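TrEMBL has this to say about the protein:
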SITE      ARG21  site 'Transition state stabilizer'
SITE      LYS28  site 'Transition state stabilizer'
SITE      ARG149  site 'Positions MEP for the nucleophilic attack'
SITE      LYS206  site 'Positions MEP for the nucleophilic attack'
Amino acid sequence: MIGQVHKAYSAVLLAAGSGSRMAADRNKIFLTLADKAIFQYALDLFLSDSDCKQVILVGKTEEKAYFTDFLSDRVCFVVGGVERQDSVRHALAHVSEAAVMIHDGARPFVTLSELAALKAHNNAILAVPVKDTIKQVEVSGYISQTVPRDNLWGAQTPQFFETSLIQKVHQLAHSKAFLGTDDASLVEVFSEVPVTIVPGSYENIKITTPEDLIFGQAILDNRSKA
Ligand SMILES: Nc1ccn([C@@H]2O[C@H](COP(=O)(O)OP(=O)(O)OP(=O)(O)O)[C@@H](O)[C@H]2O)c(=O)n1
Ligand SMILES: C[C@](O)(CO)[C@H](O)COP(=O)(O)O
């Protein structure tokens, strides 16, 4: 790619969730798509990027054994926490590089060109324009309003940050018991630093509920034709 920015970074790959909405017999990130565990797609992608100097695999203590085969000079294991945000904070204490990509192990379809687009910025996240009509609903169950969607984006991962910034806002959030649903939200609340939206792909789904496995297989089938 012409003008590609090369920037050394660490990757935090989150795999310490429970996958409760998947209701499978094990943590969803171990389920397979085309015979490959879901978390391994992003792991392989990061390892194929020479700018990625370190991968921090974040998992549950009781699942550590499942990750042993993937550990190496470049890949280490860190125990996660109760909430996603706790897992990220634990991992951030082990980051070796000045920049860090934080990624859900449950998002297998991120691409090298998306990683390259993020690296062109200091602090940036992948996101896609919201396609649905969004209704705000009262507890009564009635609609109170239709939210204009022109400026609404659905946040994805990876989310790319200066390490010192994201470490600082995670510590502040922890000390104030603030829980965000992504990492950029902590930068928004606890700093003045702008975060850039990098338009991503609707294929970069998070495997969350059982039908996502069907969508995931369809994405793989389509990619294998290209
Ligand atoms: N305490 C947690 C919770 C989540 N995650 C990770 O964060 C990503 C996004 O979270 P989500 O899809 O909500 O995963 P789960 O918590 O596993 O799913 P659920 O909410 O359905 O239980 C996943 O890769 C998951 O493994 C994590 O590392 N630590
Ligand atoms: C970080 C995230 O992937 C952004 O879409 C998402 O918030 C993770 O978990 P959620 O529990 O499904 O919101």
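Indices start at 1 and increase along the chain as displayed.
Cβ coordinates are placed from backbone N, Cα and C, and glycine is handled just like the others.
Annotated features, which come from TrEMBL, shown on the structure.
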| residue | record | CB count, 10 Å |
| --- | --- | --- |
| ARG21 | site 'Transition state stabilizer' | 13 |
| LYS28 | site 'Transition state stabilizer' | 26 |
| ARG149 | site 'Positions MEP for the nucleophilic attack' | 13 |
| LYS206 | site 'Positions MEP for the nucleophilic attack' | 15 |
Recorded sites whose CB lies under 6 angstroms from ligand 2, from ARG21, LYS28, ARG149, LYS206: LYS206
Three-state secondary structure, LYS28 (site 'Transition state stabilizer') (per DSSP): helix
Which recorded sites sit within 10 Å of ARG21 (site 'Transition state stabilizer') - Cα, from LYS28, ARG149, LYS206: LYS28
Pairwise CA distance, ARG149 (site 'Positions MEP for the nucleophilic attack') versus LYS206 (site 'Positions MEP for the nucleophilic attack'), rounded so that it is a whole Å: 21
